[in-house]
Amino acid sequence: MSSPSGGEDSKDDEKDEESNRLLPLSSSSQSQSLQSENYSDEVAFEAREKIVIVDVEGPHSIDAVDYVPPFSWRKLWLFTGPGFLMSIAFLDPGNLEGDLQAGAIAGYSLLWLLLWATVMGLLIQMLSARVGVATGRHLAELCRDEYSNWARYILWFMAEVALIGADIQEVIGSAIAIQILSNGFLPLWAGVLITASDCFMFLFLENYGVRKLEGVFAVLIATMALSFAWMCGDAKPSGKELLKGILIPRLGSKTIRQAVGVVGCVIMPHNVFLHSALVQSRKIDPQKKARVQEALTYYSIESSVALFVSFMINLFVTTVFAKGFYGTPQASSIGLVNAGQYLEEKYGGGLFPILYIWGIGLLAAGQSSTITGTYAGQFIMGGFLNLRLKKWTRALITRSFAIIPTIIVAIIFNTSEASLDILNEWLNVLQSMQIPFALIPLLTLVAKEQVMGVFKIGPVLERLAWTIAVLVILINGYLLIDFFISEVKGLLFGFLIGSGTVAYVSFIIYLVSRCGTSPSNGLSLELSERITCNGN
């Protein structure tokens, strides 16, 4: 406490200092310290890295157990960041390719589905944030304690496979953008290397604080928004058709594949793990019910705004290609590789050629998604395996997992657009297969009182979440079946696929069967004190 004899200058200095200092140690903080010493686990963010949420209501609000402060724009700003990083997965090159194909083949008719798919994605991501805030641990850490060793190693492997598949798409998307912006001078493999090095450069900013890294993402999202909004303005889409597409549900038999792609891109397995870790970048005491409730409120607002922005960006891309290519002979052949060429032929040059505007937006999408992919890889590997490594070491390991196969892919498929399209389909299938292994553990944990305490979801929300999860899994299952029927040839290959399917379904049944069981002893022991404290 400041001395009464101090002048106004000293009070101002203390206020400035208070805005940067950590919250005072309380009994719960000491309890957390003891817990971390006992467990010595890998954590998403060290205490010194976390952003302090400074109270503006007065000292009484800090100690009050059930006092939830009124809404504050300043606090909303302090909580802003994780939701926008999470929203990058809704804007990666794979999603942009789904947008342009939906627009070219289905016109404006699937915009309503894009809207509701984004809403479904928002619900899943809010549950992910809820787990991270209420428990003080992220999803991969909780899975490590919830499941037996063999099951968690399978979950870790599946999460890594999904991440590598997404990363290959994202890095190649950046490489395509670099190829466009260099007028074809740089080949795909060179773009892959540039993207990899840029990713490490951006991650270096994390050493200067989480806020700096979040600022970089804000610039990249703004770049995407401006680029694709500019393209939409150049295309001059029909406002009437746009509104009809958003408000009136329509689904034709010829657009089912595109509809499946729109919904299937909503849930990215690595993003479910990522968001539960990102919310821990703010200093929140999970043992104080009011603090957790306040954080959940602000994170819900921030995530909603972030995904509204992502919806608008996806809307811009879809409408540009709906206006320019719907009903044309080129519609069925447009992909991420040749989209720039088709845009240039359709809309021409001008003061700012649309080809380069598309390249800038695609580059921002690719760069931002590769950074979040590396970020997610650190949390997934550290959480499942409990690796206490330096962040640069973890980044190097997780980056190598994706960059090496991506360079091989870029060299092999450098000159073949058709081969890249087939590869992209296989990667979509690969990621679709991993969705249950992120959704089922999330919904299992978020509904358990032993894990969540008073913040477990209620029966209505639980049924809604499971309905969405089953819907997404079935839709992606349709994509898998359709793909395998058309692509899988030969008896031996069919036998291998069939055997793998049996093992795949068996593991999903095992995960679902765990929904009603109690968590492991280690997790129960750690969380029993939190439940008691939250109930006070």
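Each Cβ is built from the backbone N, Cα and C atoms, and glycine gets one as well.
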Annotated residue, N-linked glycosylation site, per Swiss-Prot; candidates Asn38, Asn414:
Asn38
Ranked first among 213-233, 259-279, 305-325, 347-367, 465-485 for CB pairs under 8 angstroms with the transmembrane segment (161-181):
347-367
Between the transmembrane segment (259-279) and the transmembrane segment (104-124), are there three or more CB pairs that fall under 8 A, provided the residues in each pair are separated by 6 or more in sequence?
yes
Can you tell me which recorded stretch out of 305-325, 347-367, 465-485 has the most Cβ pairs within less than 8 Å of the transmembrane segment (435-455)?
465-485
Mark yes when the transmembrane segment (465-485) and the transmembrane segment (213-233) have three or more Cβ pairs under 8 Å (sequence separation 6 or more) and no when they do not.
no
